[in-house]
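Database features, via TrEMBL:
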type: DOMAIN; residues: 6-268; note: domain 'Glutamyl/glutaminyl-tRNA synthetase class Ib catalytic'
type: BINDING; residues: ARG6, PHE7, ALA8, PRO9, SER10, GLU42, TYR178, ARG196; note: L-glutamate binding site
type: MOTIF; residues: 9-19; note: motif ''HIGH' region'
type: BINDING; residues: CYS96, CYS98, TYR117, CYS121; note: Zn(2+) binding site
type: MOTIF; residues: 234-238; note: motif ''KMSKS' region'
type: BINDING; residues: LYS237; note: ATP binding site
Amino acid sequence: MSGAGRFAPSPSGDLHLGNLRTAVLAWLFARSTDRRFLLRVEDLDRVRPGAETRQLDDLAALGLDWDGPVVHQSQRIALYENAIARLAAQGRTYECYCTRREILEAASAPHAPAGAYPGTCRTLTDEQREQRRATGRRPATRLSALVDTFTVHDVLRGDYTGIVDDVVLRRGDGVPAYNLAVVVDDAAQGVDQVVRGDDLLGSAPRQAYLASLLDLAVPTYAHVPLALNAERKRLAKRDGAVTLADQVALGHSPAQVLSRLARSLGLARAGETVDLPLLLDRFDPATLPRTPWVFARPGR
Ligand code: GLU
């Protein structure tokens, strides 16, 4: 087997049906292309006790399997620091003292590209930097990007060009930032196929650019449509019975939940119960729905 795909949940709560659907897709993409399938717990941020175990149990209950041990980002800080040091050695980092509020204000200025950090701290003089240091605020470390945009290829979306700004590499609290960690991990783990929710499509150009600066291979992307609630907003816990445990409590077996997910992907017929080997047989990225899955509770 060459290459690997992965699923990389953040253990901040239970996976909902949209997350489980993405996990099934990531597994199908990997297995149908003879790749390994890896699980990585992205626990640099908010961790809810018990969430990881429930997430892994839910994935296994749907029949997903993965290769090798589950990797935890919190155990890999040295790798991320090493990458930051390499970028620093290229002169591609700077300290940023901006508060969230300052960034929002600057980013809403006329002509600022939407959602991009405007580079306020990039051009601080030594004196200005000393003044900010003297306030005792701990700086974030940002990338000093040489481009404004970058193009990635997405299996479902084609070529996608998006903003690259001076992304945070290490947060003010000293924790490596998601955009850096994900790039370092995917490369270190041999991940060459990234399948995830299309809410992250906008981050892919930044991540691919970072990979290129670090001389790392850029993976193939497939950003899959999200699950939405009846109001067409992103599915969330408050939408009711959206976790596997909720569904089981309503009397639906994991196999029935998998079948419902498969139906939403056009891989099963109404009333049909399917398993993963059958889905693998039927899976064809070309036929996947390109629009969000609207999950409405039956009887509503
Ligand atoms: N940990 C991220 C999330 O749960 C996914 C990151 C990724 O797939 O690149 O939203």
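All residue numbers here begin at 1 and follow the chain in the order shown.
Every residue, even glycine, has its Cβ placed from backbone N, Cα and C.
Shown on the structure are the features that TrEMBL records.
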residue: ARG6; record: L-glutamate binding site; CB count, 10 Å: 28
residue: ALA8; record: L-glutamate binding site; CB count, 10 Å: 22
residue: PRO9; record: L-glutamate binding site; CB count, 10 Å: 23
residue: SER10; record: L-glutamate binding site; CB count, 10 Å: 20
residue: GLU42; record: L-glutamate binding site; CB count, 10 Å: 19
residue: CYS98; record: Zn(2+) binding site; CB count, 10 Å: 20
residue: CYS121; record: Zn(2+) binding site; CB count, 10 Å: 21
residue: TYR178; record: L-glutamate binding site; CB count, 10 Å: 20
residue: ARG196; record: L-glutamate binding site; CB count, 10 Å: 22
residue: LYS237; record: ATP binding site; CB count, 10 Å: 12
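Cα-Cα distances to ALA8 (L-glutamate binding site) place none of the binding-site residues CYS96, CYS98, TYR117, CYS121, LYS237 within 10 Å. TYR178 (L-glutamate binding site) carries a helical DSSP state (H, G or I). One way to see the shell of the L-glutamate site is to take the Cβ centroid of ARG6, PHE7, ALA8, PRO9, SER10, GLU42, TYR178, ARG196; the remaining same-chain residues with a Cβ within 8 Å of it are ARG40, VAL41, VAL182. Cα-Cα distance from CYS96 (Zn(2+) binding site) to TYR178 (L-glutamate binding site): 17 Å (rounded to the nearest whole number). Excluding CYS96, CYS98, TYR117, CYS121 themselves, the residues of that chain whose CB lies within 8 A of the CB mean position for the Zn(2+) site are, in sequence, TYR97, GLU102, ILE103, GLY119, THR120, ARG122, ALA140, ARG142, ASP166. Not one of the binding-site residues ARG6, CYS96, CYS121, TYR178, LYS237 places a Cβ under 6 Å from an atom of ligand 1.
For GLU42 (L-glutamate binding site) paired with LYS237 (ATP binding site), the C-alpha to C-alpha distance reads 20 Å. For the motif ''KMSKS' region' (234-238), the DSSP-based tally of helix, strand and coil residues reads 2 helix, 1 strand, 2 coil.
Looking only at the binding-site residues CYS98, CYS121, LYS237, the one with its C-alpha closest to PHE7 (L-glutamate binding site) is LYS237.
Comparing the Cα of TYR178 (L-glutamate binding site) with the Cα of every entry in CYS98, TYR117, CYS121, LYS237, these being the binding-site residues, the smallest distance points to TYR117. Within the set ARG6, PHE7, ALA8, PRO9, SER10, GLU42, TYR178, ARG196 that the record links to L-glutamate, no two Cα atoms are more than 16 Å apart, and one pair reaches that distance.
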